[in-house]
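Accompanying notes for the structure given below.
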């Protein structure tokens, strides 16, 4: 059993679309970044990569690589899942929190979780998404940025098979 954590923060800017957990949200600003800047998916990728001892998102999908310009972060998550599977790991569960002053995200959390579960090929019940504000404090609270945190639990495939545990 291995546990990893992930964190990401991106600046909010006009002229970009807002994507969280692969869901395009109506909002006057979007997250600035090389890919679609989906902070939620980026935090989840980092948690999974860290749990597997595979470095971080920047090691595998650098913002200096033109192949990742504007790419959907769900594709990065799918590739992260493939890397874990190749190393013999299985995702047991993911718990993630988005920090955003606005917009309200409650109605979109299930879709975000479902998108990430689909990208990883696991049951949606194994992915939990929460949302909170920072009560007007810091860059997130001032509406200048959004952030996300994630924790992931993975096991080796042999452990899953022998104990009958795991998602899916």
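Backbone N, Cα and C define each Cβ position, glycine as well.
Swiss-Prot annotations:
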| type | residues | note |
| --- | --- | --- |
| BINDING | 8, 10, 42 | divalent metal cation binding site |
| BINDING | 8-10, 34-35, 56-58, 61-65, 132-135, 142 | 4-CDP-2-C-methyl-D-erythritol 2-phosphate binding site |
| SITE | 34 | site 'Transition state stabilizer' |
| SITE | 133 | site 'Transition state stabilizer' |
Inter-residue Cα distance where the pair is residue 133 (site 'Transition state stabilizer') and residue 62 (4-CDP-2-C-methyl-D-erythritol 2-phosphate binding site), in Å: 29
Which recorded positions sit within 10 Å of residue 42 (divalent metal cation binding site) - Cα, from 34, 65, 133, 134: none
Neighbour tally for residue 134 (4-CDP-2-C-methyl-D-erythritol 2-phosphate binding site), based on other Cβ positions within 10 Å of its Cβ: 15
Shell of the divalent metal cation site beyond 8, 10, 42, same chain only (C-beta within 8 angstroms of their C-beta centre): 9, 31, 33, 37, 38, 39, 40, 41, 43, 147, 148
Site with most surrounding Cβ atoms, counting all protein chains shown within 10 Å, from the binding-site residues 10, 42: 42
DSSP three-state assignment for residue 10 (divalent metal cation binding site): strand
Most Cβ neighbours inside 10 Å, all chains, among the binding-site residues 8, 65: 8
Most Cβ neighbours inside 10 Å, all chains, among the recorded positions 34, 57, 62, 133: 57
C-alpha spacing of residue 8 (divalent metal cation binding site) relative to residue 133 (site 'Transition state stabilizer'), in angstrom: 15
Residue 8 (divalent metal cation binding site) versus binding-site residues 34, 57, 65, 134 - nearest by Cα: 57
Spatial separation of residue 10 (divalent metal cation binding site) from residue 65 (4-CDP-2-C-methyl-D-erythritol 2-phosphate binding site) - C-alpha basis, Å: 18
Between residue 57 (4-CDP-2-C-methyl-D-erythritol 2-phosphate binding site) and residue 10 (divalent metal cation binding site): CA-CA distance (Å): 14
